[in-house]
Each structure stands twice: as structure tokens, then as C-alpha cells.
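What follows is a short report on a single structure.
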Amino acid sequence: MAEQVALSRTQVCGILREELYQGDAFHQSDTHIFIIMGASGDLAKKKIYPTIEPASFQRLNTHMNSLHHGAQANRLFYLALPPIVYEAVTKNIKETCMSQDVMQNHLLQMLCLVAMEKPASTNSDDVRDEKDELQEAWRIFTPLLHHIEREKTQPIPYVYGSRGPPEADELMKRVGFQYEGTYKWVNPHKL
């Protein structure tokens, strides 16, 4: 039996990235946009940047520029910023980047997450400010999470391999969205 060698996290991420880019499955999936604010963050420097090639940045920039409003994209905002600017940044994210109608926006499945870097200082005022910001974030998201839990919305069944349920197309037509794609799902297990 061959000896197994432990891989570093960077090597694992590199292998996963290569596998994702192979074949058509990656290119038919949902769009994910990562917005990193504050390039000096520890996670960004140690884990994110080493796994992304310079050419990937150019492709990502070209792709993001080609998106029509990016409304269907899942968005993750990674804040590697000093705590003093969290309030202003999260308010702007809430006002301009989150769906204003999240409850009824299940069709678009727009996801907006905010991740924060560990505190830059242990000063009691800074820690208190971050606690206040997190409480504000939970004040915004808790009612939404409770609503989702109360509704216990069941997924609409649809044919395996299809674009989704016909009700989704009907809703898109009612709100004025015209699907112009040529999506055709290919079962990766039968290739």
C-alpha cells in the first residue's frame, strides 16, 4: 500500500480549485462573489490569496463585470477592517447590497453574508463596539431566520436534471424576467 502524505491547506484548496474548473459542471453552477474589504487581513493573506492565481483575478474581474446587476449572485463580504468602520460598512452593505425584499426573494436565492476578521485589539472599547455591531447584525437577521423557521416552507418538487419547477418560470414571467439561457444539465455520474 502506498504511503499517504498529509497535504497543506493551500495544497488541498489548489486541488479543489483545479477539480472545480475541470468540465462543465463548475460553469453551470450559481455565481458566487467574494468581496474582501481590507486586504491586510490575516485570513486573506494566509488562506485566500495563496490559492488564487493572478490570472484568476483577471478572469474573476472580467466575469463580474459581465454580470447583469449580479442579482442572482451569492455574496460573501469578508471584512478585514478596523472595528471603527464596521458600522458604516455594514450599513452600506445592508442598504445597497442586500435584497430589500428578502422574504419574497426565494427565487433568486440571493445570499448575503458578512464575515469579520478577529479583533485587531483587546481594548475594552473596541471589543464593546464590535459586540454592539454584532448585536445590530443579529437584530437584522434574527426576525428573518424566525420567519423562515415558522413558515417551514417545503421545496417544490421538480424533475431531476431539469432547470427547476415550472412555478419558478411562471413567477419569473410575472415579475418581468425573461430567461434567455440555454441551460442543459448533464449528469456528471454518467460521463
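Any Cβ shown, glycine's included, is placed from N, Cα and C.
Feature annotations, courtesy of Swiss-Prot:
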ACT_SITE  HIS106  active site, proton acceptor
BINDING   GLY38, ALA39, SER40, GLY41, ASP42, LEU43, ALA44, LYS45, TYR86  NADP(+) 1 binding site
BINDING   ASP101  D-glucose 6-phosphate binding site
BINDING   ARG163, TYR179, TRP185  NADP(+) 2 binding site
MOD_RES   ALA2  N-acetylalanine
MOD_RES   SER8  phosphoserine
MOD_RES   THR10  phosphothreonine
MOD_RES   LYS173  N6-acetyllysine
MOD_RES   TYR179  phosphotyrosine
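Most Cβ neighbours within 10 Å among the recorded positions ARG163, LYS173: this distinction goes to ARG163. Sequence-distant contacts of TYR179 (NADP(+) 2 binding site), defined by Cβ-Cβ distance under 8 angstroms and a gap of at least six in the same chain, are ASP169, MET172. Distance between Cα atoms for ARG163 (NADP(+) 2 binding site) and LYS173 (N6-acetyllysine): 15 Å, as a whole number. Classification of ARG163 (NADP(+) 2 binding site) by DSSP places it in coil, neither helical nor stranded.
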